[in-house]
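Student: Input: one structure, supplied below.
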Amino acid sequence: MATDLGELLVPYMPTIRVPRTGDRVFKSECAFSFDSPESEGGLYVCMNTFLGFGREHVERHYRKTGQSVYMHLKRHVKEKATGAAGGAIPRRRNGKVFLDLELNRDFNGDDYEYEDEAKLVIFPDHFEIPLPNIEELPALVSAQVTIACDAVLNAASAYKKQEPESWDEEIQVSRHARSLRQLDNGVRIPPSGWKCQKCEMRENLWLNLTDGAVLCGKWFFDGSGGNGHALEHHRETSYPLAVKLDTITPDGADIYSFEEEEAVLDPHISDHLSHFGIDMLQMQKKTENGHHRENNSRPRVSEWEVIQESGMKLKAVFGSGYTGIKNLGNTCYLSTVMQVLFSIPDFQRMYVGNLQRIFDYSPLDPSQDFATQMAKLGHGLLSGQYSKPPMKSELIEQVMNEEHKHQQKGVSPRMLKALVSRGHPEFSSNRQQDAHEFLLHLINLVERNSAGSENPSDVFRFLVEERIQCCQSRRVRYSQRVDYCIQLPAPMEAAINREELLAYETKRKEAEENIQPLPEPVRARIPFTACLQAFTEPENVPDFWSSALQAKSAGVKTSRFASFPEYLILQIKKFTFGVDWVPKKLDLAIDVPDFLDLSLRATGLQAGEEELPDLMPPIVLPEDTRAPEIDEAAVMQLAEMGFPLEACRKAVYYTGNMGPEMAFNWIIAHMEEPDFAEPLTLPSMMDSGPSTSDSVMGATPLDPNSPPEESIAILTSMGFPRPHSISALKATNNNLERALDWIFTHPEPEESEALSDMADTEPNDNGFSNANSHSDATLSPDRDTTGPRIKDGPGRYELFAFISHMGESTMSGHYVCHIKKEGRWVIYNDHKVCLSERPPKDLGYIYFYHRLSS
C-alpha cells in the first residue's frame with residue numbers, strides 16, 4: 001500500500017517545496033475564513049505556497065492553482081480527565097505537535113490538553129497519507145517529503161516570524177548625539193499647529209535638533225508626504241540630526257541622521273528637545289496596567305466602569321451581526337472601527353454580498369488582497385458561524401460547576417491587521433492607536449482598492465465650503481474641499497457646571513501645595529449645541545495674503561456643509577497638548593442627541609459680497625539668479641544608465657532634488673517628449689505671467705487655490721497628466737497621499753472635458769460648483785466627472801453607533817463601541833457582545849449618524 005501511495009506522490013514531487021527563509025507558513029488560519037486546525041474540518045496547508053485553507057475553500061485553491069498536495073492539520077482539544085481526588089490524570093500527548101500554533105480559544109491550559117494529527121492529502125481524489133507512515137514510502141519519495149513536512153510542522157507562525165525580523169537591523173546611536181551643537185536662537189516649538197517653514201505641508205514634519213527648523217521630509221509611495229525641505233536644509237547647513245514631530249513620546253522618538261543616512265538613537269534626546277521647550281520626561285508615565293496617568297493622580301475608575309457598563313448583568317447575544325473580535329494586544333481600536341463599518345449596509349453589500357465573486361477572483365495569495373480580507377472579516381462578523389449560543393447541556397454543566405457565563409471566542413483579525421498596517425509606522429506596531437486615525441486610514445484603503453467598482457466609503461464623503469474674508473477690504477473667497485469626518489471642538493468655557501469646575505480646580509491646587517490627597521475629579525458637562533457653535537465660529541487664517549491689498553493681512557475663515565453625507569461621522573476633540581507638550585485627555589461629557597437636524601448648509605456667494613481678485617502673491621526670485629542647484633551625483637547616476645545628460649538634469653530639477661528614483665520616474669514619463677534631451681531652461685520673471693494690464697504690482701492672476709508646483713511636479717513625474725494632477729490636488733486640499741488615491745479612483749476625463757474644466761484661470765475652478773444648491777436630491781457623478789462622488793441629501797440624522805475611549809491618551813487605554821441593532825443598543829467589548837443596559841452616549845469619542853429619509 002505504501003508503494004502505491006508513493007507512486008501517487010511521484011508526479012507531484014516537483015510541486016512539494018521546503019519552506020525557505022522568508023516563506024510564511026499559514027498553519028493556524030484559513031486565508032478565506034476563520035477555520036483553524038481546531039475547526040471540525042481542520043486546516044489544509046498547500047505544500048507549495050504554504051497558504052492555509054479550510055475544508056470549504058481548499059477545493060477553490062486546487063482548481064485555481066492546480067496544486068494537489070496539502071498537509072491536513074487537525075487539533076483535538078480535550079478536557080483532562082479527573083481522578084478520584086479531583087486532580088487531573090496526566091495523559092501523554094501525541095508526539096507530533098504543531099509548534100508555534102496559537103490556540104484559537106480562551107481556556108485554562110491546565111484543564112485541557114490537545115492531540116495533533118497531520119497527514120498529506122492528494123487532490124482531487126483525497127488520497128490520504130498519515131505522516132508517521134511517510135518513512136514506509138520508497139526512499140526516493142520519503143526523504144524529500146519528510147524534510148518538507150518537518151519544515152512545515154516546525155515553522156514559526158506566519159505572524160510571529162515577522163516580529164523578530166523587524167529587529168534584525170538594530171538601530172545604532174548616532175555619532176553626533178553626544179557632541180550635537182544647538183544654537184541659542186530662542187526658538188520654541190509649540191505643541192501643535194506645525195507646518196513646514198518653506199511650504200504649506202503639515203504632515204511628515206521634522207524638527208532639526210540644531211537650529212529648531214521645522215521642515216517637511218520626502219514624499220514616498222507609502223503615503224508619508226513632503227517636498228524634501230528637511231534634506232535640503234541639511235545640505236545648506238550640514239546640521240546632522242532631525243526628529244519627527246508626531247513621534248515624540250515619553251519613551252523616545254524617531255530620529256534621522258542625514259550624514260549617516262539612517263534612523264539613529266539619541267541618548268540625550270530629552271535634553272535636546274528641552275532646548276526647544278519640549279519637556280518629554282514630564283509626560284505621563286505608564287502604570288502597570290498600561291494606562292497613562294500622573295503619579296499624583298488617582299486612576300479614572302469611574303470612566304472605565306461607566307463605558308464598559310461594569311457591575312451590570314449584561315446579557316450575552318449571539319448570531320448574525322453579534323460576533324466579537326479577539327483582542328490581539330492593543331487592537332481594540334481596529335475592532336471597534338470594523339464592527340461599526342460592517343453594520344453599514346453599503347459595506348455589507350460590497351464585501352459580504354459579493355463574497356463569492358471576490359473569493360473566486362482573488363489573487364494567488366489571498367492573504368495579501370484587501371477585498372478578500374475585508375470580505376473574510378465581514379462574513380465572519382455577519383454570518384453567525386462564529387457566534388453560536390451554548391447548548392442547553394453546556395449551560396446546565398456551567399450552573400452545576402458555578403462557572404462564569406458562556407462567552408463566544410470571537411474571530412481573530414490578525415490577517416487583516418497585518419495587511420492594512422503593512423508599511424505604516426504606527427499601525428504595524430503592537431502599540432495602542434487612535435481609532436479616528438485608523439478609521440481615516442481604512443477609508444483611504446477602501447478608496448484606493450475600489451477603483452472601477454462600488455465604493456462603500458462614498459457614504460461618508462461630503463463637501464465643506466470654506467469662506468475666507470479679508471478683514472481690511474471685507475472681500476471674500478469661497479472654496480470647497482472633500483472631507484469624511486467633522487471634528488467638533490469641546491469648548492470647556494461653555495460647561496454648564498463651570499462653577500463646580502472652578503471650585504474643583506481651586507481645591508486641587510491647594511491640595512498640591514499642601515501635599516494632600518487630591519479631591520474627587522469633576523467632569524465638565526458641555527451642551528452639544530455649544531460644540532456645533534464652536535465649529536461654526538470664524539477662525540483666524542495664519543499668514544493670510546490678501547489679493548485685494550496685495551499684502552499680508554488679517555483674515556478669518558468659516559466652514560459650512562456644501563453637501564451632507566449619507567452617514568455622518570463626528571469626532572469630539574477630546575485630546576490635546578499642554579504648553580509643555582504633556583498630552584492630556586479632556587474630562588468631559590457631552591449630551592449628544594439621538595436625532596440631529598443640521599442647519600449648516602453652505603450658501604455660496606451672497607448678494608452684496610465682493611470676491612477677492614484671483615491673484616497669487618508675486619513671485620519673489622532669490623538674489624542669486626544663477627543656475628539652480630542640482631544634485632549632480634543623482635544626475636551622473638542617471639546618466640550612467642544611458643539617458644541624455646540634459647534630460648537627467650531636468651529630471652533631477654523638476655523632482656526637487658528628491659533622489660534618483662523620483663528622477664527616474666520623471667524620465668520614464670517624459671522620454672517621448674520632443675524636447676526631452678534639450679537643455680534645461682527656466683522661466684524668467686517676465687514670462688511667468690501675463691502682461692501688466694492683467695495684473696497689479698507684479699501679482700500673477702492665477703487660481704488662488706492652485707496647488708503648489710512641487711506637488712504637481714511629483715504627480716506628473718509619475719506619468720499622470722498635469723490637468724488630472726491639478727484636479728486631484730484640489731479635490732484633496734493639496735494632500736499628496738489622498739491626491740494619489742483620488743487619481744486611481746477617478747479615471748482621467750475626456751480631453752474636451754479636461755480642457756473646459758481644468759483651465760487654471762477660471763475663478764470657479766474647484767469642481768464642486770454643483771454642490772452649492774440647496775437641493776436635497778442626490779448629486780449624480782455624471783454631473784461632474786472630475787469632482788468627487790458624493791451622496792447629498794437633507795441634514796437630518798439619527799445616531800446608530802459610537803466608539804468610546806477609556807484612558808488618559810490615545811497611546812494607551814481601551815476602546816469599546818455601542819451599535820444600535822434591531823431597536824436595541826449592543827455593546828461590543830472585544831470578543832464579548834452583550835445587550836447594553838445604559839449606553840454611555842455622553843462619553844463617546846466618535847459618533848456615527850445615518851441620514852433619515854425625507
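For all residues, glycine too, the Cβ spot is worked out from N, Cα and C.
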Student: Which range, 161-181, 392-412, 413-433, 686-706, does TrEMBL list as region 'Disordered'?
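Tutor: Spelled out, TrEMBL records region 'Disordered' over residues 686-706, not the other listed ranges.
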Student: What does the structure give for the C-alpha distance between His814 (active site, proton acceptor) and Cys216 (Zn(2+) binding site)? Integer Å is fine.
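Tutor: Computed Cα spacing between His814 (active site, proton acceptor) and Cys216 (Zn(2+) binding site) is 32 Å.
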Student: Using a 10 Å cut-off on Cβ-Cβ distances across all protein chains shown, tell me which of the recorded positions (Cys196, Cys199, Cys216, Cys332) has the largest neighbour count.
Tutor: Cys216
Student: Averaged over the whole of the domain 'USP' (323-852), what is the pLDDT?
Tutor: 81
Student: Enumerate the residues of the same chain, Cys196, Cys199, Cys216, His229 excluded, that satisfy the criterion Cβ within 8 A of the mean position of the Cβ atoms of the recorded Zn(2+) site; list them in sequence order.
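Tutor: Checked against the 8 Å cutoff, the neighbours are Lys195, Gln197, Lys198, Glu200, Met201, Leu205, Leu215, Gly226, Asn227, Gly228, Ala230.
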Student: Give the number of CB atoms, excluding that of His229 (Zn(2+) binding site) itself, located within 10 Å of its CB.
Tutor: 23
Student: Expressed to the nearest Å, what is the distance separating Cys332 (active site, nucleophile) and Cys216 (Zn(2+) binding site) at their Cα atoms?
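Tutor: One finds 32 Å between the Cα atoms of these residues.
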Student: Would you mind checking how many other C-beta atoms are within 10 angstroms of the C-beta on His814 (active site, proton acceptor)?
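Tutor: Excluding its own Cβ, the number within 10 Å is 22.
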